[in-house]
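For reference, the structure is listed below as C-alpha cells.
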Amino acid sequence: MAATDGGQGAGGGLAKGLATTFRHLTQRAVTAQYPEVAPELPPRSRGVIGLLEENCTSCMLCARECPDWCIYIDSHKEVLPAEGGGRERTRNVLDRFAIDFSLCMYCGICIEVCPFEALFWSPEFEYSELDIRDLLHEKDRLAEWMRTVPPPAPLDPAAEEPKEVATARRALPAPPPPADPA
C-alpha cells in the first residue's frame, strides 16, 4: 500500500506547518499566563464552599444529602433555661463542621438543601495543598471563605442589605488596612 502525501509533494506538510508557525509568530499571544495574570471571573462563580457559622443549626441536612459523604458535623445539645413559666428548650450547638475537598465533587447540593442559608459559594479557587490531608477544611477555615462571597443582588435596587449579609459582615473581623508606603 503506497503512502499518500495529500498531493503536496515531498516536504509539503513541513512547509505548510512552518508557514502556519511563522504567521502566528507575529500575532499577540491568546493564552493567558495564569499564575502571573489573574483570571477575570464572573461575579457569582463557584470556587470553594464557605460556612456562615451563625446560621448553622447542625440539622445535618447537608451531610445527609452529600453524595460523596465529605461533610463532617459534630454537635451537642444545650439546654436553655425557661423564661417566665415556660418549659426548658434545647438547641444544637455546632462543635465541628468540616468539608473534605479531596472528596468533594462541587455539585452544590449541600448549598441548595441548607434551609438556614449557612453554606455559600465563594469565588476563590486557589487553595491547593501539597498534602492531601490539608484539604480537610474545618469550620474556622470555611468561615474565612465568607469574606469573598459576593452579596446577593437585590430584587429591588432601593432595597436594604439582607440581614444575613449584615450579620456576616459584623461577625467577621475587618481586614487590616493597607500599609502606607512612606
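Cβ coordinates are placed from backbone N, Cα and C, and glycine is handled just like the others.
The average pLDDT computed over the domain '4Fe-4S ferredoxin-type' (47-76) stands at 96. The annotation domain '4Fe-4S ferredoxin-type' is assigned in TrEMBL to 47-76 (among others).
Around Cys62 ([4Fe-4S] cluster 1 binding site), taking its Cβ as the centre, 24 other Cβ atoms fall within 10 Å, counting all chains. Under DSSP, Cys62 ([4Fe-4S] cluster 1 binding site) is assigned to a helix (H, G or I) in the three-state scheme. Summarising the annotation, TrEMBL assigns [4Fe-4S] cluster 1 binding site to Cys56, Cys59, Cys62, Cys114.
According to TrEMBL, the [4Fe-4S] cluster 2 binding site annotation covers Cys66, Cys104, Cys107, Cys110. Look at Cys104 ([4Fe-4S] cluster 2 binding site): DSSP puts it in coil. Annotation for Cys104 ([4Fe-4S] cluster 2 binding site): spatial neighbours Ile49, Asp68, Cys70, criterion Cβ-Cβ under 8 Å with sequence separation of six or more.
Note on the domain '4Fe-4S ferredoxin-type' (95-124): residues 41, 43-53, 55-57, 59, 61-63, 65-76, 132, 135-139, 142, 145-146, 148-150, 164 of its chain, located 6 or more positions outside it, place their CB under 8 angstroms from a CB of the stretch. The domain '4Fe-4S ferredoxin-type' annotation in TrEMBL covers 95-124 (among others).
Among the features that TrEMBL reports, region 'Disordered' is placed at 150-182. Residue counts for the region 'Disordered' (150-182) by DSSP state, with H, G and I taken as helix and E and B as strand, are 9 helix, 0 strand, 24 coil.
The compositional bias 'Pro residues' annotation in TrEMBL covers 173-182.
Comparing CA positions across the binding-site residues Cys56, Cys59, Cys114, the one lying closest to Cys66 ([4Fe-4S] cluster 2 binding site) turns out to be Cys114. Sitting within 8 Å of the Cβ centre of Cys56, Cys59, Cys62, Cys114, and not among those site residues for [4Fe-4S] cluster 1, are the Cβ atoms of Thr57, Ser58, Met60, Leu61, Ala63, Ile73, Cys110, Val113, Pro115, Phe116, Ala118, Leu119. Cβ packing within 10 Å was compared across the binding-site residues Cys56, Cys59, Cys66, Cys107, Cys114, and the lowest neighbour count falls to Cys107.
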